[in-house]
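Listed features, source TrEMBL:
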- B:12-35: transmembrane segment (TRANSMEM)
- B:42-62: transmembrane segment (TRANSMEM)
- B:68-93: transmembrane segment (TRANSMEM)
- B:105-124: transmembrane segment (TRANSMEM)
- B:144-168: transmembrane segment (TRANSMEM)
- B:197-218: transmembrane segment (TRANSMEM)
- B:283-302: transmembrane segment (TRANSMEM)
Amino acid sequence: MSAPLLKIDGIHKRFGGLHALNDVALSINAGEIYGLIGPNGAGKTTLFNVLTGLYQPDEGSFSFNGKDLFRQKPYVVVESGIARTFQNIRLFANMTALENVMVGQHVRTAAGVFGAVFRGPKAKAEEAAIAARAQELLDYVGIGKRHDELARNLSYGDQRRLEIARALATRPTLLALDEPAAGMNPKETDQLKALMEKIRADGVTILLIEHDVKLMMGLCDRIAVLDYGKKIAEGIPEKVKNDPRVIEAYLGVAPE
Amino acid sequence: MDIFLQQIINGLVVGSIYALIALGYTMVYGIMQLINFAHGEIVMIGAMVTITCINLLIGAGVNLPGPLLLLAGLLMAIPISMLLGFTIERVAYRPLRRAPRLAPLITAIGVSIVLQQVAMLIWGRNYRPFPQILPTTVHDFFGAAVTDLQIAIVILSLVLMAGLFWLIEKTRLGRAMRATAQNPEVAGLMGVNINTVISMTFIIGSSLGAVAGVMVAANYDQAHAYMGFMIGLKAFTAAVLGGIGNIGGAVVGGLLLGIIESLGSGYLGDLTGGFLGSHYKDIFAFVVLIGVLVFRPSGLLGERVAERA
């Protein structure tokens, strides 16, 4: 087996007296859908923020694709190929869907400031390519017809799709999705599941936080369970589901 | 009727100058929620540099038509203003980016005072006359008098505003600016270089301010080291009137304020039976400012505050 795509070890993160992440280690292999579950307040989003560079961990190690990303700035993390969506949708609300995705390509396009203002043929060609690629991505996530709509006027489910398209615009190797199915109805959740499988089939590894256990069990190759900042279980869904510590974390201990 | 039309025309001329300056306030506010009180001084320095440059050229015996001399002055003033705006942001505001909002605001007032004093050291404290180089032909427009200069001011302002709209709506830099205004953190994650965007905002705003400064000096035939204060305050009022942070609002607010002020000062004498004359015209801007802050703090086109939350 080759080296994992992403590997963290001994990660600690404290907020004052709160030990939000306590010695967390995990590794994600290229091409898998890796799930992260746990009760509310278990540290899932904190771990997510560490993995995407938004939080700087206090201790530990973090490598991705052979590169050391420990305590790196968020845009370095994005450049290295990790893109994310947010639990509370954070789109550029007053820009069109197409423009949102075009902004996502900034990280991969070269034109300098002056090229952007005094547009030579090269800058113009790049601009056209950016727009075309953005449209492709909108089509890919299934909202291609809504490209001229302002992001804030899109339906909730479409906003989630747009966030995924914008994240994909950064050409990630690993796509990290923070509760993408939150607030979706069963039909939308099914479509989302299909979309994630399509993205994985196209060669992007996926890290997923989700509360919808049924969705997770049917989708993920491996799942890690966090509780009080510690990883209490990891493995294939079947194994995790029957792990007594996981049941305890979710349901409490059965009375003797 | 011709007096009414005359006041409207004068108002449009002054209003388009206000609008150009207001754009500088509103762009900076939109991106970093800072009221850059030093912007008025950029306007003043743009005017002063142009006057000096024209006088130097005339003194050196350069024999060019007036408009070309003016253009030469502008070509000198614009880069200097850009550099100044860029430097102010780097030196005075960037170190305070994560400070409470009051800190950069006070710094802005400090920068404004420093620039006024420096300008006085360089140019003295007296009024500087604007060189008499422009044609003073007066056209008759349905009974109102319009000069070439007034026509040029309005047209140039409209062209610059259209250019700015194009820049913001259609270019990569403009897209990055809008993304940064709406969510700097996420824009940074998407690879937008926030520092470059902020620098460019100051540079663009300052160049518009410099052009506006020259317009003010040419329109009133003079400039002085303190001129930035009042014109800056009025343009700020225009930006607030239109809805600060809103580009279209700055244009609407500027033109509207110019017309209100012009009509107000034109009829104030008649309305008060000669008790108050047209030299009270400055009160209109501030009556408008107070009115907007009381009745519609988000401005005419403003909606950003609610959205941002």
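Glycine is treated like the rest: Cβ placed from N, Cα and C.
Worth saying up front: this structure is predicted, and the values here are computed from it rather than measured.
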Legend entry - Contact between the transmembrane segment (B:68-93) and the transmembrane segment (B:144-168) (at least 3 Cβ pairs under 8 Å, separation 6+): no
Legend entry - seg_contact(the transmembrane segment (B:42-62), the transmembrane segment (B:197-218)) with at least 3 CB pairs under 8 angstroms, min sep 6: yes
Inset, instruction - For the transmembrane segment (B:283-302), find every same-chain residue at least 6 residues outside the stretch whose CB is under 8 Å from a CB in it, and list them. - result: 233-234, 237, 239-246, 248-249, 252-253, 256-257, 260-261, 264-265
